[in-house]
Every structure is written in C-alpha cells, then in structure tokens.
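Undergrad: According to TrEMBL, the active site, proton donor/acceptor annotation covers 151. Annotated Mg(2+) binding site per TrEMBL: 11, 380, in sequence order. Residues or ranges marked as ATP binding site in TrEMBL: 18, 209, 210, 211, 212, 213, 284, 285, 286, 329, 330, 331, 332, 333. Among the features that TrEMBL reports, substrate binding site is placed at 94. According to TrEMBL, the feature site 'Transition state stabilizer' maps to 182, 242.
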Ligand SMILES: Nc1ncnc2c1ncn2[C@@H]1O[C@H](COP(=O)(O)OP(=O)(O)O)[C@@H](O)[C@H]1O
Ligand SMILES: CC(=O)OP(=O)(O)O
Ligand SMILES: [Mg+2]
C-alpha cells in the first residue's frame, strides 16, 4: 500500500510539546498517531501513541537536550519507519507570535524564519521553542516544506479600542498593541461550538482557554473582538508561572528599588510567578488541587477570582454573555475550577449543573441558566493540519 500523504504537526506549548501525524489525502485530515512530552513530569519522556492508545515509540529527553531538537530527529525517523519513506508532505508548526504581518499560515523560508525569530522578545517562553524544530528539521530534510500557523492570526481583526494601549500613539505605529494568543485553540473551539449548537454560533461567547498558559477570547459571530493576552502572552489571567495583568508600577519598582535587571524581571514574571509564585509549591493545577497547604488554596482562589473578573470584562466588550466555553488542560479536566469560576459568575446568570460538570459533559449549564456553558476539548493540532493541508493545496511547492 502506498504511504499516505501526511503532515506532521508540532504544537510547542509552555509546558508540553504535542504532536500529531495526519493523513491529508482526504478533505478532512485524519489523525494517524499522536505524541506528547509533558514537562511537568520529573523525567519528561516523549510518548507516541496510535489512535487506539498503543505506545508506538518512547524516548527519554536527555538533560542536555534543551531545545528538544534531537527528539524531532527521532520522530522523523520513526515516521519513516512506521509509515514509509516520502509520506511526509510538510511539517506544520504552531508559532505563537506572528507579529503584525501574518493573518494566516505561511510557508517558512529562511527569511521568514529569521523574521519570526526576531519576535522572541515578545514571546520569550514560546517563540524559541516553536522555531527551534524548524531549524532542526531543515538541517535534516532541507527539501521538506515547513508551514507556520500562528496563535495571533485569529485575533488579526482586533480593532481599537480593544487592541489599543494607552501610551503615546507613536508606539502603536511601531507595533505595540494587543495581539492576543491561543488563536488556534479558539478557532477550533468556535468551530466545534458552531457544529454542536448552531443557534449559538453568532452569540456573545467567551471561550476560556485554561492551560499552563491561559487566556480568554470574546467572540461575536464567531470572530475575536477582545482577548486577555496582549503584546505578549504575559498579560491577562493568572497562569502556571506567569503573572498575568499586573500594575506596571510593580515592574518599575522591581527595577528601580529592588535593583533587578530587565532580564531578572522578565524571568520573575514569566517563570516564577502565577500559580507557582503564589503557592510556592507548583505551577501544576493538579498538584495544587491535591495539596492541603493554605498557600495552594490561595493560589487557586486568585486563579478563579481573576478568571471570573476577566470573563466579566470580556462580557462587557460583548455587551452581555450568552455562552461560556471551557477548554485547555485545566478547563477540560478540572470540575473544581469550572465550578468555582461559575459560582463567582452567578450574578451574570451562570448556573452550572453539578452532575453535568462532574461528568464533564459537553453542556454543563442548568436548564434555567441565562448563560449556556460548555466544555469543549481543544485540538490545536487538527487546526494546524487543516491549515497546512489547505496551504499545500494552494501552493503545492510550499
Ligand atoms: N485533571 C486535571 N485537573 C486539573 N488540572 C489539570 C488536569 N489535567 C491537566 N491539568 C492542568 O493543565 C495544565 C496543562 O494544560 P495544557 O493546555 O495541556 O498546557 P499547555 O499550555 O502546555 O498546552 C497543567 O498545568 C495542569 O495543571
Ligand atoms: C500562548 C500560550 O500561553 O501558550 P501555552 O498555553 O501553550 O503556553
Ligand atoms: Mg497549549
């Protein structure tokens, strides 16, 4: 049997690397196998599984393997062995920041890769992790097409005042504005919502992507009109290790009075803050939920307080709230967090049904709730596969 035309999708998040291999010979990509490297684990391993859940390939990440480059070389080797030489048509990458220029996927040339690498200061936790595999794969298979799909693209239509910062206008001309992230996730979830509840497709919807990184998107007619992340993925909600929205005076204080360098402040806000900083224990919500320590409870409390607060802000941008959707590692798996956020939003008419919430059903609101509430597992990988396949059809030599 000839090897199926396929696309390898890489989704490099802040705490995990996910990948999927998709057969793209039909109109809708079909998953052939998937992999995960969860960096919350003490000894991270890349585990590749068949769609039936069988482990096909396992690889320990070496301590020296800081950018996971060798893992991708192994993954390419595994794909050739398992699915045949020449089946790969392209690698589709999640690239977190697309800057002002990209409103959709793009075939990665050397020039574009360098331009995206230059955006590293705007997403220091993600951009190098997303782009390192591009260089590794180019070194191994220079002729293989590589395609970037951006977190920022879904929010490209954001307009003032939502996109504007209250700083002198000359900085806006230099690109300092709200870009927003998690767009591949919001795009997928909005599509699923439209399929599941077509009457809600045009409604005033807030999608809460709650993972290690966390952000909200306010959607009207399925399009992003506001979002909590800004120029960088540091803004908005409390995250695993990121602070979210903070008085900018804190940054000045740290530099001027604590005598911290800009690099030290950056490290503090991206790597040592959020759930980890407040709990002093862990960035992993599972660990905090299982802990009896008071500081763990306080970190969870701040997380749900800020999430509910920002959902109210997004509802104001929409002038009301018809539908709330939870997604991301925490949003999909934690009934406790969904319930706590729902309780804080009771004044907005959110009523979560405890039994439906416990069972993580797709719809979890009570029948009398003014707001429809859903849990929709995200799938950034298939979104990237769809975009990559579409670009290959348009530009077969991509
Ligand atoms: N069963 C669970 N209960 C609570 N939190 C969970 C559960 N499973 C996963 N999580 C949380 O999801 C987070 C990872 O989310 P995910 O969206 O996969 O991360 P990333 O931002 O790296 O893509 C972890 O930090 C973990 O705290
Ligand atoms: C943009 C972002 O924060 O992504 P992640 O949640 O994967 O870290
Ligand atoms: Mg993610």
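Using the three backbone atoms N, Cα and C, a Cβ is placed for every residue, glycine included.
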Undergrad: Could you check the recorded positions 151, 284 and say which one's CB has the fewest neighbouring CB atoms inside 10 Å?
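TA: Output over recorded positions 151, 284: least Cβ neighbours within 10 Å is 284.
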Undergrad: Determine, to the nearest whole angstrom, how far the Cα atom of residue 242 (site 'Transition state stabilizer') is from the Cα atom of the residue listed as 'substrate binding site'.
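TA: If we compare the Cα positions of residue 242 (site 'Transition state stabilizer') and the residue listed as 'substrate binding site', the gap is 20 Å.
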Undergrad: Mind checking which of 18, 94, 242, 286 has the fewest other CB atoms within 10 A of its CB? They're the recorded positions.
TA: 286
Undergrad: In Å, how large is the greatest distance between any two Cα atoms among 18, 209, 210, 211, 212, 213, 284, 285, 286, 329, 330, 331, 332, 333, the listed binders of ATP?
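TA: Site span for ATP, by Cα atoms: 19 Å.
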Undergrad: When DSSP states are folded down to helix, strand and coil, where does residue 332 (ATP binding site) land?
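TA: The three-state answer is helix.
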Undergrad: Looking at the binding-site residues 212, 286, 380, which have a C-beta within less than 6 Å of some atom in ligand 2?
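TA: Going through 212, 286, 380 in sequence order, those close to ligand 2 turn out to be 212.
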Undergrad: Checking proximity to ligand 1 here: which binding-site residues out of 11, 18, 212, 286, 330, 332 have their Cβ closer than 6 Å to it?
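TA: Among 11, 18, 212, 286, 330, 332, near ligand 1: 212, 286, 330.
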Undergrad: When you rank 11, 94, 151, 182 by Cα distance to residue 330 (ATP binding site), which of the recorded positions ends up on top as the closest?
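TA: Ranked by Cα distance from residue 330 (ATP binding site), first place goes to 182.
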Undergrad: C-alpha of residue 380 (Mg(2+) binding site) to C-alpha of residue 182 (site 'Transition state stabilizer'): distance in Å?
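TA: Cα-Cα, rounded: 9 Å.
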Undergrad: In Å, rounded, how far does the Cα of residue 332 (ATP binding site) sit from the Cα of residue 182 (site 'Transition state stabilizer')?
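TA: The separation of the Cα atoms works out to 15 Å.
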Undergrad: If one measures from the C-alpha of residue 284 (ATP binding site) to the C-alpha of the residue listed as 'substrate binding site', what distance in angstrom results, rounded to a whole number?
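TA: That separation, Cα to Cα, works out to 22 Å.
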Undergrad: Work through the binding-site residues one by one (332, 380) and point out the residue whose CB has the fewest other CB atoms within 10 angstroms.
TA: 332
Undergrad: Are there recorded positions among 11, 18, 151, 286 that sit within 10 Å of residue 182 (site 'Transition state stabilizer'), Cα to Cα? If so, list them; otherwise say none.
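TA: Near residue 182 (site 'Transition state stabilizer') by Cα: 151.
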Undergrad: List the binding-site residues among 18, 210, 212 whose C-alpha is within 10 Å of the C-alpha of residue 11 (Mg(2+) binding site), in sequence order, or say none.
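TA: So far as Cα distances go, the binding-site residues lying within 10 Å of residue 11 (Mg(2+) binding site) are 18.
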